[in-house]
Amino acid sequence: MASMLVAQRLACSFQHSYRLLVPGSRHISQAAAKVDVEFDYDGRLMKTEVPGLRCQELMKQLNIIQNAEAVHFFCNYEESRGNYLVDVDGNRMLDLYSQISSVPIGYSHPGLLKLIQQPQNASMFVNRPALGILLPENFVEKLRQSLLSVAPKGMSQLITMACGSCSNENGLKTIFMWYRSKERGQRGFPQEELETCMINQAPWCPDYSILSFMGAFHGRTMGCLATTHSKAIHKIDIPSFDWPIAPFPRLKYPLEEFVKENQQEEARCLEEVEDLIVKYRKKKKTVAGIIVEPIQSEGGDNHASDDFFRKLRDIPRKQCCAFLVDVVQTGGGCTGKFWAHEHWARDDPEDVMTSSKKMMTGGFFHKEEFRPNAPYRIFNTWLGDPSKNLLLAEVINIIKREDLLNNAAHAGKALLTGLLDLQARYPQFISRVRGRGTFCSFDTPDDSIRNKLILIARNKGVVLGGCGDKSIRFRPTLVFRDHHAHLFLNIFSDILADFK
């Protein structure tokens, strides 16, 4: 299958990136490099509206078993390749959402198909071990080749998990254990502590808190949900904790026209963070840590300046609490750096860093001082999946070999420049264009218009995603090139020209 996919290369010529800088211009390209076309399709192919009849039937069948209202459509992953997702009705779409930002190097990459066909790797895909107690011989080697090969500065400790939520959940637990250990000192666990914690009683189930930000999304498990504030439907009916919630900067765009206003907004938010830490300490709900996304993704692609994050990092250091950076959606290279918070240019940017999605497995890095002092404190049955570490090692090799971080920065510039042009031509539909690398977005007037634009684009052969109240977000793969950006921009320009 891998050789077949490699053989199915594009016969047509793409054109390289340049654009006509006049209103109503098209985005044009020249011959793309061979690496661009090794396994990608040559374009869209639409046979029906989406969802089509076959998809609608499958949705009905699923809805008998579970609530299927969130389902967009059913996919044919055997036929999906590169940047193109094929559905069960045969529609081939340019996928700029990539499974909620979780596909690193495109669908059915030949390098990964070749990897899983190698006989020595078969047992890793067939047998899923309990990684806390019974590990495969090559587990440490594969960690070094995968996650540890891209470890953030100052991070030598790593625990793998299955998803972003469990990465954050256990990252928060690690912070609580670290904080309590500081208070307790080096002594062990007295019998009184062991007994009272079993019935959820203080002080041995301490009433600590985690400070999070309005608009944040860190997951849907109980602890994570207490730090998630993006959509009410995620939280309603679920008991939660009295933990502090700080405002996240709401920047005005274009940034160069609102420098003073944005500086004041960021200063206001930083001041509120400090005030909340003091307030909750007085309430006997001590803030053990702060959790933040480098870009609030689910909450609306909310950005803040690098200077804001550098100053935010100083607050937990001063207040003697921990700092957790959640790069679940912004990690893996989409911003032009492997980890989004590398843009802050700090030697000590975090105490704990959680990741998942494009990394193909969950997990979190942490400093040595946050290492659990006993077994089973951070634990579950699977603790990730060694087959994903194997795949990730090859993904990282491909990212380095094909220089995909620079590609994300370059293709992202083409996308962002085109979006700014569309904003100038259609200000009634597009505002607040923003982005880093290919991690781009813009606002629409309201959620109704946003949702209509997404549906129209899908029926034109482009998969987009929404976020926040009225934003459209772009989450393409790392093999998204300039010519893919120009293809989208031409399609979306036509959509906006006809939109009513």
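Positions of Cβ are set from backbone N, Cα and C atoms, glycine also.
Swiss-Prot has this to say about the protein:
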TRANSIT   1-28  transit peptide
BINDING   Cys163, Cys166  [2Fe-2S] cluster binding site
BINDING   Gly164, Ser165, Thr381  pyridoxal 5'-phosphate binding site
BINDING   Arg220  substrate binding site
MOD_RES   Lys231  N6-succinyllysine
MOD_RES   Lys252  N6-succinyllysine
MOD_RES   Lys252  N6-acetyllysine
MOD_RES   Lys279  N6-acetyllysine
MOD_RES   Lys318  N6-acetyllysine
MOD_RES   Lys357  N6-(pyridoxal phosphate)lysine
MOD_RES   Lys413  N6-acetyllysine
MOD_RES   Lys413  N6-succinyllysine
MOD_RES   Lys452  N6-acetyllysine
MOD_RES   Lys470  N6-acetyllysine
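Taking the features listed in Swiss-Prot, we show where each one sits on the structure.
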| residue | record | Cβ contacts under 8 Å, 6 or more apart |
| --- | --- | --- |
| Cys163 | [2Fe-2S] cluster binding site | Ser356, Gly362 |
| Ser165 | pyridoxal 5'-phosphate binding site | His218, Gly219, Arg220, Thr221, Cys224 |
| Cys166 | [2Fe-2S] cluster binding site | Gly219, Thr221, Gly362, Asn380 |
| Lys231 | N6-succinyllysine | Glu298 |
| Lys252 | N6-succinyllysine | Phe258, Glu261, Asn262, Glu265 |
| Lys279 | N6-acetyllysine | Pro244 |
| Lys318 | N6-acetyllysine | none |
| Lys357 | N6-(pyridoxal phosphate)lysine | Ile100, Ser101, Ser102, Gly164, Val328, Gln329, Gly331, Gly332 |
| Lys413 | N6-acetyllysine | none |
| Lys452 | N6-acetyllysine | Phe499 |
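In three-state terms derived from DSSP, Ser165 (pyridoxal 5'-phosphate binding site) belongs to a helical segment. Cβ neighbour count within 10 Å across all protein chains ranks Lys470 highest among the recorded positions Arg220, Lys470. You'll find the Cα of Lys470 (N6-acetyllysine) roughly 39 Å from the Cα of Thr381 (pyridoxal 5'-phosphate binding site). For Thr381 (pyridoxal 5'-phosphate binding site), applying a Cβ distance below 8 Å and a minimum sequence separation of six or more within one chain yields Ala130, Gly132. The number of other Cβ atoms within 10 Å of the Cβ belonging to Gly164 (pyridoxal 5'-phosphate binding site), over all protein chains shown, comes to 28.
Largest Cα-Cα distance over the residues recorded as binding pyridoxal 5'-phosphate, namely Gly164, Ser165, Thr381, equals 16 Å. Under the DSSP three-state reduction, Lys231 (N6-succinyllysine) is assigned to coil, being neither helix nor strand.
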